[in-house]
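Asker: Quick one: this structure, given as structure tokens, is what I'll be asking you about.
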Amino acid sequence: MSDQPQYRRILLKLSGEALMGEADYGIDPKVIGRLADEIIAVRKADVEVGVVIGGGNIFRGEGLAASGMDRVTGDHMGMLATVMNALAMADAIEKRGGYARVMSAIQIHDVAEDFIRRRAIRHIEKGRIALFAAGTGNPFFTTDSAAALRAVEIGADLLLKATKVDGVYTADPARHPDATRYDELSYDEVIQRNLKVMDTAAIALCRDHDMPLRIYDMTVPGNLMRIMRGEPVGTLVRN
Ligand code: UDP
């Protein structure tokens, strides 16, 4: 382990729920502020950063469809929710002196740039934190799949999934107190054991493109930087 970051470029996936804090809806300014501080700290340590934000704190297509809405319309609302979260994160980052750009997978020119891969890479090379909004731009996908896709597209050395648990367990630790945490797993093991790490499309994309993934607890301040220094926080999934 060293004080120098072990990664050159990362893609961080934050779920919408990560922004809610203790609330059951929306964005907690304190929580988003702390996450922005952590992202800026990593950027200052010379790591290039792309971020994919979910929208589950506002809308999910599946949930809307369950209450009677057309699924595609619900997914469009879910994607727009991720745009709102990305705008809020960009604002929090810039209020703290960082530089951020929101790039959307659906065209929404008055509020965000389009996601164009070469431009995205240019932003991150220039030290800006690129926030990739609207998931993949397609219904029936999730922001986990978008995170895997963007990680591969921008050539990240590591995909990080920030959650409220400290890694992947043999079973749900909330319901099975004897569940144990994996330090490391292969993608094939994740698929064979049907472990709920990310959706299958995201896992398959990471496996096929050799993208390592670390699942960690974002509620512990400083964890992101610990991972950058090479500390074995959470669970690592790789081929
Ligand atoms: N969504 C979509 N296509 C995508 C990504 C997201 O249709 O490529 C929609 C989908 O309805 C999803 C919602 O946006 O439920 C919010 O994303 P997600 O559920 O992945 O957010 P998270 O659980 O990470 O907060």
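Cβ atoms are placed via backbone N, Cα and C, with glycine included.
Note: TrEMBL annotation is automatic and uncurated.
Reproduced below are the annotations present in TrEMBL:
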- Lys13, Leu14, Ser15, Gly16, Gly56, Arg60, Thr163, Tyr169, Asp172: ATP binding site (BINDING)
- Gly55, Asp75, Thr136, Gly137, Asn138, Pro139, Phe140, Phe141, Thr142, Thr143: UMP binding site (BINDING)
- 9-216: domain 'Aspartate/glutamate/uridylate kinase' (DOMAIN)
Asker: Expressed to the nearest Å, what is the distance separating Asp172 (ATP binding site) and Thr142 (UMP binding site) at their Cα atoms?
Answerer: 21
Asker: If you measure Asn138 (UMP binding site) to Gly56 (ATP binding site) at Cα, how many Å is it?
Answerer: 16
Asker: I want to check the contact list for Lys13 (ATP binding site): same chain, sequence separation of six or more, C-beta distance under 8 angstroms. What comes out?
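Answerer: Expected: Val51, Val52, Ile53, Gly54, Thr143, Asp144, Ala147, Leu159, Leu160, Lys161, Ala162.
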Asker: As a test of the contact definition, list every same-chain residue at least 6 positions from Thr142 (UMP binding site) whose Cβ is closer than 8 Å to its Cβ.
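Answerer: In sequence order, Gly54, Gly135, Asp199, Ala201, Ala202 meet the Cβ cut-off.
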Asker: Under a threshold of 6 Å between Cβ and any atom of ligand 1, which of the binding-site residues Lys13, Ser15, Thr136 are retained?
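Answerer: Near the molecule: Ser15, Thr136.
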Asker: What residue among the binding-site residues Gly55, Gly56 has the most other CB atoms lying within 10 A of its CB?
Answerer: Gly55
Asker: Near Asp172 (ATP binding site), how many other Cβ atoms are within 10 Å of its Cβ?
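Answerer: Summing over all protein chains shown, Asp172 (ATP binding site) has 10 other Cβ atoms within 10 Å.
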Asker: Quick check: of the binding-site residues listed here (Ser15, Gly56, Thr163), which one has the Cα closest to that of Phe140 (UMP binding site)?
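Answerer: It is Gly56, whose Cα lies nearest.
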Asker: Quick one, of the binding-site residues Ser15, Thr163, which Cβ has the fewest other Cβ within 10 Å?
Answerer: Thr163
Asker: Give the distance between the Cα atoms of Thr163 (ATP binding site) and Thr136 (UMP binding site), rounded to the nearest whole Å.
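Answerer: Distance (Cα to Cα, whole Å): 20 Å.
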